[in-house]
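Taken from Swiss-Prot, the feature signal peptide applies to 1-20, supported by sequence analysis. Residues or ranges marked as disulfide bond in Swiss-Prot (evidence: similarity to another entry): Cys42-Cys328, Cys205-Cys220, Cys353-Cys364, Cys358-Cys392, Cys394-Cys403. Here Swiss-Prot flags Asn69, Asn215 as N-linked glycosylation site. Sequence annotations record features per position, and here Swiss-Prot assigns active site, proton donor to Glu129 based on similarity to another entry. The domain 'EGF-like' annotation in Swiss-Prot covers 349-404.
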Amino acid sequence: MTTRLGPALVLGVALCLGCGQPLPQVPERPFSVLWNVPSAHCKSRFGVHLPLNALGIIANRGQHFHGQNMTIFYKNQLGLYPYFGPKGTAHNGGIPQALPLDRHLALAAYQIHHSLRPGFAGPAVLDWEEWCPLWAGNWGRRRAYQAASWAWAQQVFPDLDPQEQLYKAYTGFEQAARALMEDTLRVAQALRPHGLWGFYHYPACGNGWHSMASNYTGRCHAATLARNTQLHWLWAASSALFPSIYLPPRLPPAHHQAFVRHRLEEAFRVALVGHLPVLAYVRLTHRRSGRFLSQDDLVQTIGVSAALGAAGVVLWGDLSLSSSEEECWHLHDYLVDTLGPYGINVTRAAMACSHQRCHGHGRCARRDPGQMEAFLHLWPDGSLGDWKSFSCHCYWGWAGPTCQEPRLGPKEAV
């Protein structure tokens with residue numbers, strides 16, 4: 001179906017969404033599209049205005065990467081994250097056991113206090129990808145953290161035999177990694193309690209594409225599922241989940257929906273620990289080729305996210321998208337012609353379904369997640385569907401099949 005909308009409808013939807021305003025309501029609105037692209041240079045350097053507000057896309061003032069509607073902290077931007085550089089150089093001790101945690105938390109608190117207003121209520125994403133907090137998750141190039149932990153144990157416990165030293169390395173790493181991640185989230189939430197705090201790419205799924213796999217199902221790897229269950233403490237400490245649904249470069253389009261669906265279903269599974277909103281990260285361009293996502297790619301990422309009941313998506317891109325006037329115009333045209341109209345269609349359909357089926361107190365989600373043709377889309381003439389394939393996931397404070405009953409106490413769903 002076509003999703004192109006007229007200018008009047010675009011403006012009307014933008015006004016009803018309250019675009020560009022602070023967002024304490026993100027967990028309690030049917031679907032949000034957020035902008036995490038450093039596109040400020042398009043306007044300030046090249047005079048190219050990107051009409052994000054008019055397209056219903058939530059962005060920071062001035063379209064800056066960090067701001068009061070959403071922010072992301074990379075490894076060198078919050079506290080003293082320990083990691084090894086490309087040449088093996090240890091930063092902040094290299095491993096969690098070697099980090100002075102109190103110094104890290106003090107610096108993180110200072111940075112949060114000075115970068116986010118007290119009323120901050122948007123997504124706040126920590127992008128720490130160098131190591132996994134579980135020992136078994138550090139394979140491939142991450143084995144360096146196991147080796148460094150063993151060397152640490154040999155130095156700290158020289159009188160133990162090698163097997164006991166290995167045990168100290170394993171337990172010491174996991175305990176320190178947990179303390180680092182948990183305590184960072186606790187400090188952040190104490191300072192900015194309305195923010196949606198969580199780690200990018202968590203939970204993982206392990207359903208990446210391998211070209212030799214002829215029977216690809218999209219299901220998450222069993223070992224990854226087991227590790228996610230072990231990470232119950234991380235979900236309990238988070239206030240939102242930010243899984244990645246970046247499309248793998250060589251994944252055939254026929255498998256896109258299965259890839260995205262299973263990643264989101266795993267996020268919904270672990271989200272039950274704290275009834276957390278799920279905001280999926282979508283990359284605007286294909287890795288390697290740099291091509292913008294096609295209309296069908298948007299359906300299989302943004303559209304599937306909305307249909308499964310995600311709270312929204314975070315659109316991500318790098319500085320190359322605003323590196324020249326030409327690149328800014330390419331981004332502008334893509335926004336106006338493709339991304340913006342589709343985002344408006346899905347956002348408005350999700351809002352209408354919420355009011356039609358859930359009394360405006362919940363979001364619609366597929367009854368059967370595998371029903372691949374069920375989407376929250378408007379018809380080409382802008383009319384609404386009946387959405388019989390969808391049921392309600394109620395917001396905090398509401399219950400019942402159509403979220404019609406006020407409810408006090410713990411969150412029923414988000």
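The backbone N, Cα and C atoms fix where each Cβ goes, and this holds for glycine too.
Rounded to a whole number, the C-alpha distance linking Cys394 (disulfide bond) with Glu129 (active site, proton donor) is 32 angstrom.
Mean predicted confidence for the domain 'EGF-like' (349-404): the pLDDT average there is 93. Within 10 Å of Cys392 (disulfide bond), judged by CA to CA distance, lie the following recorded positions from the set Cys42, Asn69, Cys205, Cys220, Cys328, Cys403: Cys403.
Around Cys394 (disulfide bond), a 10 Å sphere centred on its CB holds 23 further CB atoms from the protein chains shown. With Cys358 (disulfide bond) as the anchor, the candidate disulfide-bonded residues are Cys328, Cys364, Cys403, and the one with the nearest CA is Cys403.
Note on the domain 'EGF-like' (349-404): DSSP counts are 10 helix, 12 strand, 34 coil. When the C-alpha distances from Glu129 (active site, proton donor) to the recorded positions Asn69, Cys205, Asn215, Cys364, Cys403 are tabulated, the minimum falls on Cys205. Around the Cβ of Asn69 (N-linked glycosylation site), the number of neighbouring Cβ atoms within 10 Å comes to 22. Asn69 (N-linked glycosylation site) has Cys353 as its nearest neighbour among the recorded positions Asn215, Cys220, Cys353, Cys403, going by CA to CA distance. Straight-line distance linking the Cα atoms of Cys403 (disulfide bond) and Cys42 (disulfide bond), rounded to a whole number, equals 43 Å. When other Cβ atoms within 10 Å of the Cβ of Cys328 (disulfide bond) are tallied across all protein chains shown, the result is 22. Each residue contributes its Cα atom, and for Cys42 (disulfide bond) and Asn215 (N-linked glycosylation site) those atoms are 44 Å apart.
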